[in-house]
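Some notes on the structure that comes next.
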Amino acid sequence: MSSKYAVKLKTDFDNPRWIKRHKHMFDFLDINGNGKITLDEIVSKASDDICAKLEATPEQTKRHQVCVEAFFRGCGMEYGKEIAFPQFLDGWKQLATSELKKWARNEPTLIREWGDAVFDIFDKDGSGTITLDEWKAYGKISGISPSQEDCEATFRHCDLDNSGDLDVDEMTRQHLGFWYTLDPEADGLYGNGVP
């Protein structure tokens, strides 16, 4: 799966910003606030909460769930297995390393497959791209970009071709750079919502 967008491939796992970014996500995913997360919590949020509120079809929800499971299993997570932040961070390091190798070889990545599944849900008009309004609906429902300003910042960061719409390739590139490598082109991806 080839992308027309380059991304920084060198990781910076010891950078305090990278660690803080993933701690923020860990805390966001820790639904019951016990300092540990499970794949159960993540799938519940993704399928029972987000997909339901976005009015995904049963087929879209199943496809999305399969992608969420594969992605977080890539981080070493499993149903019924609690992990604390240090294990979560180690899992992200393994996932990022594997994903970046795939990206460099133009092979499908888990983040792209998840992106394809989620775009199918976001793209209410079937255009193959998402609009700012479609992104704002997701940001509000998911809680990842709770303010209009944060949604707009994400949209601007991801609109690499300045078309006014986002395609899955643009979104994947920016998320890969943001979550995996601290690529400066992706800094501020979620506005003030995520460090």
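From the backbone N, Cα and C atoms, a Cβ is placed for every residue, glycine too.
What Swiss-Prot lists as domain 'EF-hand 1' is 17-52, and the listing cites sequence analysis. Annotation source Swiss-Prot lists Ca(2+) 1 binding site at Asp30, Asn32, Asn34, Lys36, Glu41. Per Swiss-Prot, the feature domain 'EF-hand 2' maps to 53-88. Here Swiss-Prot flags 110-145 as domain 'EF-hand 3', drawing on sequence analysis. What Swiss-Prot lists as Ca(2+) 2 binding site is Asp123, Asp125, Ser127, Thr129, Glu134. The domain 'EF-hand 4' annotation in Swiss-Prot covers 146-181 and is backed by sequence analysis. Residues annotated as Ca(2+) 3 binding site in Swiss-Prot, with sequence analysis given as evidence: Asp159, Asp161, Ser163, Asp165, Glu170.
Here the features listed in Swiss-Prot are placed on the structure.
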| residue | record | contacts (Cβ under 8 Å, 6+ apart) |
| --- | --- | --- |
| Asp30 | Ca(2+) 1 binding site | Lys36, Ile37, Glu41 |
| Asn34 | Ca(2+) 1 binding site | none |
| Asp123 | Ca(2+) 2 binding site | Thr129, Ile130, Glu134 |
| Ser127 | Ca(2+) 2 binding site | Asp165 |
| Asp159 | Ca(2+) 3 binding site | Asp165, Leu166, Glu170 |
| Ser163 | Ca(2+) 3 binding site | Thr129 |
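If you take the C-beta of Asp161 (Ca(2+) 3 binding site) and look for same-chain residues 6 or more apart in sequence within under 8 angstroms, you find Glu170. Excluding Asp30, Asn32, Asn34, Lys36, Glu41 themselves, the residues of that chain whose CB lies within 8 A of the CB mean position for the Ca(2+) 1 site are, in sequence, Leu29, Ile31, Gly33, Gly35, Ile37, Thr38, Glu82. Proximity of distant same-chain residues to the domain 'EF-hand 2' (53-88), defined by a Cβ-Cβ separation under 8 Å and at least 6 residues beyond the stretch ends, is recorded for 22-23, 26, 35-40, 42-43, 46-47, 94-95, 98-99, 110-111, 113-114, 116-118, 120-122, 137-138, 141. Glu170 (Ca(2+) 3 binding site) falls within a helical segment according to DSSP. Candidate binding-site residues: Glu41, Asp125, Asp165, Glu170. Fewest other C-beta atoms within 10 angstroms, Asp125. With respect to Cβ neighbours within 10 Å, the binding-site residues Asn32, Thr129 differ, and Asn32 shows the lowest count. Under the three-state DSSP scheme, Ser127 (Ca(2+) 2 binding site) falls in the coil class.
Ser163 (Ca(2+) 3 binding site) carries neither a helix nor a strand DSSP state and counts as coil. For Lys36 (Ca(2+) 1 binding site), the number of other Cβ atoms no farther than 10 Å from its own Cβ, over all displayed protein chains, is 16. Listed in chain order, the residues near the Ca(2+) 2 site other than Asp123, Asp125, Ser127, Thr129, Glu134 are Phe122, Lys124, Gly126, Gly128, Ile130, Thr131, Asp165, each with its Cβ within 8 Å of the site Cβ centroid.
The Cβ centroid of Asp159, Asp161, Ser163, Asp165, Glu170 marks the Ca(2+) 3 site; residues of that chain outside this set whose Cβ lies within 8 Å of it are Thr129, Cys158, Leu160, Asn162, Gly164, Leu166, Asp167, given in sequence order. In this model, the domain 'EF-hand 1' (17-52) carries an average pLDDT of 92.
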